[in-house]
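Data first, discussion second: the structure below is written as structure tokens.
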Amino acid sequence: MMITIVVLFLLIGLLAGIIGSLVGMGGGMFFVPALLYVVNHFYPGEMTPQLAAGTSLFVIVVTALSSSVTYLKQKKVDIQSALLFFIGSAPGAITGVYLNKLFDSHTFSLVFGLFQLAMFVLMMVKDKLKPRHVEWEVKRTYVDESGTTHTYGYSRWLSILLAFLVGNVSSLFGVGGGILMVPVMLILFRFPPHMATATSMCVIFLSSLVGSITNIMHHQVAWLYVFALAPGALVGGVLGAKIASRLKGRTLVFLLRILILAIAVQMITEYFIYR
């Protein structure tokens, strides 16, 4: 039975890695529901929300490290901005671990389902929102590979506050947080798209590492499932990058939206059925 679970998680990690690489989303959106449903199906009551979120977050540390190293080599990371955001996301990641303890398995299904539903709505509207032109206190420029100069900026305190919220959500639900941070960086702060993704990934790695250390201190990481999910997620990330140019982006995003909506509806429905 345990071999069956490990094989399932290898496949889930692979698929989540591919999807995450293709559309720029962490695998936590899929890891957490998979851990809760698969493990508790075979071993009822073994996988708690705290253990699922902690395990998922540690897998994200592994995959985010790989992506961050690549982005740093490509010089697409605004290191100064990443460190500023980390000032906010680090304490947020610690707070999120403690907030997670407030939920039992039943309530967590509702809260996580509502979070998934909110992410579905965000994905629906983010492409329709246009970057806002605001005169921020910090102004920066970036010259991309084509020679185009991009100008962007932000408020230090607003950045720290938003990063705190992202770090909080990241540890609370065991997700990366990039789906929240990247739109803010693009729309509000006008970061160049590639730099927003790369810088966000580094922040997610650092804050997820802090959250994971906190989870380890509270014995909220299931190492067997980390080792089952991580290899597939790493391979999936590489495969996703290779096939991204061969598939239509709109089709992928559409399918992802449907999948997230289905998970959200299922988890919310489960809460009311078994209430």
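Note that Cβ sites are derived from N, Cα and C of the backbone, with glycine treated the same way.
In TrEMBL, annotation is done automatically, which means it is predicted and not curated.
Database features, via TrEMBL:
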type	residues	note
TRANSMEM	7-39	transmembrane segment
TRANSMEM	51-72	transmembrane segment
TRANSMEM	79-99	transmembrane segment
TRANSMEM	105-125	transmembrane segment
TRANSMEM	160-189	transmembrane segment
TRANSMEM	195-214	transmembrane segment
TRANSMEM	221-240	transmembrane segment
TRANSMEM	252-274	transmembrane segment
Go through the chain and flag residues at least 6 beyond the ends of the transmembrane segment (105-125) whose CB is under 8 A from any CB in it; none is fine as an answer. 29, 32-33, 36, 40, 48-49, 169, 173, 179-180, 183, 253, 256-257, 260-261, 263-268, 270-271, 274-275
Long-range CB partners for the transmembrane segment (195-214) (under 8 A, at least six residues beyond its ends), listed in sequence order, are 24, 26, 54, 57-58, 60-61, 64-65, 67-68, 71-72, 74, 76-79, 81-82, 85-86, 89-90, 92-94, 96-97, 142, 150, 163, 166-167, 170-171, 176-178, 181-182, 185-186, 221
Per the definition of 3+ C-beta pairs under 8 A with sequence separation of 6 or more, do the transmembrane segment (51-72) and the transmembrane segment (221-240) touch? yes
